[in-house]
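Colleague: Here you go, one structure.
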Amino acid sequence: MKKILLALLMGFVGLIANDRLLEIVRLYQKQGLEVVGQKLDSYLADKSFWLEELQNKDTDFGYYQNKQFLFVADKSKPNLEFYEINDNMLKKINSSKALVGSKKGDKTLEGDLATPIGVYRITQKLERLDQYYGVLAFVTNYPNLYDTLKKRTGHGIWVHGMPLNGDRNELNTKGCIAIENQLLSSYDKALKGEKAFLITYEDKFFPSTKEELSMILSALFQWKDAWAKGDFERYMGFYNPNFTRYDGMKFNAFKEYKKRVFAKNEKRISLFLLSM
């Protein structure tokens, strides 16, 4: 437990103002590390803390606590941009034309020829594929949880290259995103195994606002606090009555399940390296 609190404190040093840091040092001297952890949690649950933290950050594409890379595709152009995010500062590495699925709008069914709209993790890199897919392919996690809850079907949505034999007459893919092989290889070298996401949209992109992100982040840590303190009613207050869990469990069944979990009084939770 002490190791966790120390790690949290060290990670916090770069985020907090000098007056708050001095307050924490004094608190540690007088009351110890556990009380310091409680104070840090109270900061994280405060929306004003996050507004201050995000003030000079690039948050159009969200909030990322560790180094990330982003593929951003506009289906209407279509194009694919590639960004590096470090300390939530954006650096555009390149932008290029791309091929996408022929169907406009969301992907809803397997075989509908639409490139999905949403946010997806790059889960793995594939090589030695059929020459049609080029030098390599980055696999996404479509359908993600949101897609699954929306009962969207399909699979195998990749960011891949062009045919190695140069024989590509189609202007669209079956739902994947395709770019030139040389460019894709350069992105692979830049990634070096780091985490990456794919953001896809059509026509108009709606950037994240610092207000929205601060509200979500502070609410997340308020939720964590309710869980850690065993405050069941406050904890359930974070869930909409229309809530459906990833496995289809509805709100009332979920509430009864969580009531049994809370009764066991075995609640430990940590939040770190957040991406949203």
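Residue 1 is the first one shown; counting continues down the chain.
Each residue, glycine too, has its Cβ placed from N, Cα and C.
Copied straight from TrEMBL:
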ACT_SITE  His160  active site, proton donor/acceptor
ACT_SITE  Cys176  active site, nucleophile
DOMAIN    69-199  domain 'L,D-TPase catalytic'
Colleague: Neighbour count, 10 Å Cβ-Cβ cut-off, for the residue listed as 'active site, nucleophile': what number do you get?
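Modeller: Its Cβ shell of radius 10 Å holds 22 other Cβ atoms.
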Colleague: Report the mean pLDDT of the predicted model across the domain 'L,D-TPase catalytic' (69-199), rounded to a whole number.
Modeller: 95
Colleague: Relative to the Cβ position of the residue listed as 'active site, proton donor/acceptor', how many further Cβ atoms are located within 10 Å?
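Modeller: If we count other Cβ atoms within 10 Å of the residue listed as 'active site, proton donor/acceptor', we arrive at 23.
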Colleague: Can you check what DSSP calls Cys176 (active site, nucleophile), collapsed to helix, strand or coil?
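Modeller: Assignment for Cys176 (active site, nucleophile) reads coil.
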Colleague: Under DSSP, is the residue listed as 'active site, proton donor/acceptor' part of a helix or a strand, or is it coil?
Modeller: strand
Colleague: Taking just the CA atoms, what is the gap between the residue listed as 'active site, proton donor/acceptor' and Cys176 (active site, nucleophile) in Å?
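Modeller: The Cα atom of the residue listed as 'active site, proton donor/acceptor' is 7 Å away from the Cα atom of Cys176 (active site, nucleophile).
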Colleague: Quick one: DSSP breakdown of the domain 'L,D-TPase catalytic' (69-199) into helix, strand and coil?
Modeller: 19 helix, 50 strand, 62 coil
